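Taking it in order: structure first as structure tokens, then the write-up.
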Amino acid sequence: MKPISDKVIGRLARYRTLLTEQVPEGRTHLFSYEIAAAMRLADSQVRRDLMAVGTRGVPQHGYEIEALKARLDDALALDRAHGVAVVGAGDLGRALIAFLEARRTTLAIRAAFDVDPAKVNRVFSGVKCHAMADLEKVVAAEGITLAILCVPAAAAQPAADALVHAGIRGVLNFAPVALRLPVQVALEELVITTYLEKLAYFTTHPAKERRNGRHDAR
Ligand SMILES: NC(=O)c1ccc[n+]([C@@H]2O[C@H](COP(=O)([O-])OP(=O)(O)OC[C@H]3O[C@@H](n4cnc5c(N)ncnc54)[C@H](O)[C@@H]3O)[C@@H](O)[C@H]2O)c1
């Protein structure tokens, strides 16, 4: 299969969420135009994206939902477990642990880490919080490859460096700083104010709204 672009990967992940959480009851198949309408995309875009992962709908029935989900899981490497760590078990870190634990996906939170002795050795939503000093040991023992960074801005780069040193291969950064990581470590940065600022702009300048009505903040 050809390498898939960042944008397409993002849409495939959104199709998967739709198929997991928003399928009308009793349906076994969906047409591309239904997926497109729910996601405010063009029908042709959806068909192109799904073709990129080797899937075609059947004219009379569309896409079989379970088969499509399995194909998307395979394409997104979600057909296998990924160990995830949450670094910084403050308000945001604990909220994310609770959210992700409740969903029980193959993205399993295996450990939390913090420097605050009041949090170390506590269990948040079933996940044990470890001392940062134990990062390397716990990451290796638990097979953790991904990390969600929820520490204060000033602590983010040193914490990210420690994660890289411990062998983490992908970081989702919530701290409001641009991290410098080796190229082989995948990085996603998510700052909610960026999305709000874009919304503020597009609601003030509605004529500049994108044709598909979505404002991708990335
Ligand atoms: N991206 C977003 O949309 C978004 C939204 C909310 C908060 N944030 C950011 O997320 C971060 C966390 O926010 P919060 O409200 O949970 O803060 P918080 O103060 O409640 O939690 C921060 C936690 O990090 C721990 N910590 C500090 N230094 C550390 C280090 N070196 N290693 C490990 N843990 C360390 C603290 O002990 C604390 O438990 C902040 O940077 C904040 O700006 C981002």
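From the backbone N, Cα and C atoms, a Cβ is placed for every residue, glycine too.
Unlike curated entries, TrEMBL annotations are predicted automatically.
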Select from 14-53, 54-93 the stretch of residues annotated by TrEMBL as DNA-binding region. 14-53
Secondary structure at LEU92 (NAD(+) binding site), reduced by DSSP to three states: helix
Counting only residues 6+ apart in the same chain, whose Cβ is under 8 Å from the Cβ of LEU92 (NAD(+) binding site)? CYS150, PHE174
